[in-house]
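Marked as domain 'Kringle' by TrEMBL: 16-91. Positions annotated as disulfide bond by TrEMBL: 63-86.
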């Protein structure tokens, strides 16, 4: 018996780049331009801040642009540096990964 099965998953967009000034950036970069580690958004240490965590945007310690700065940024884990911009490059085009699995019996 010969059966062909083709399973296709949705396109998965994985962008570690930004459009415009990165207000919609949702990547996972979590270090600043100088290499400092970003502070978690749900933490007030070492830097207190007034940002309220809401579903899926200010998550983990990922670089974000919640206030319209020129590019994504984060509070740092360094007590000597409150915040810094992140090294998120501009997108030249969208990259998509398509996963297709063929199964032959």
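A Cβ is built for glycine as well, from the same backbone N, Cα and C atoms used for every other residue.
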DSSP helix/strand/coil residue counts for the domain 'Kringle' (16-91): 0 helix, 17 strand, 59 coil
Reported mean pLDDT - the domain 'Kringle' (16-91): 90
Residue 86 (disulfide bond) CB neighbourhood, other CB atoms within 10 A: 24
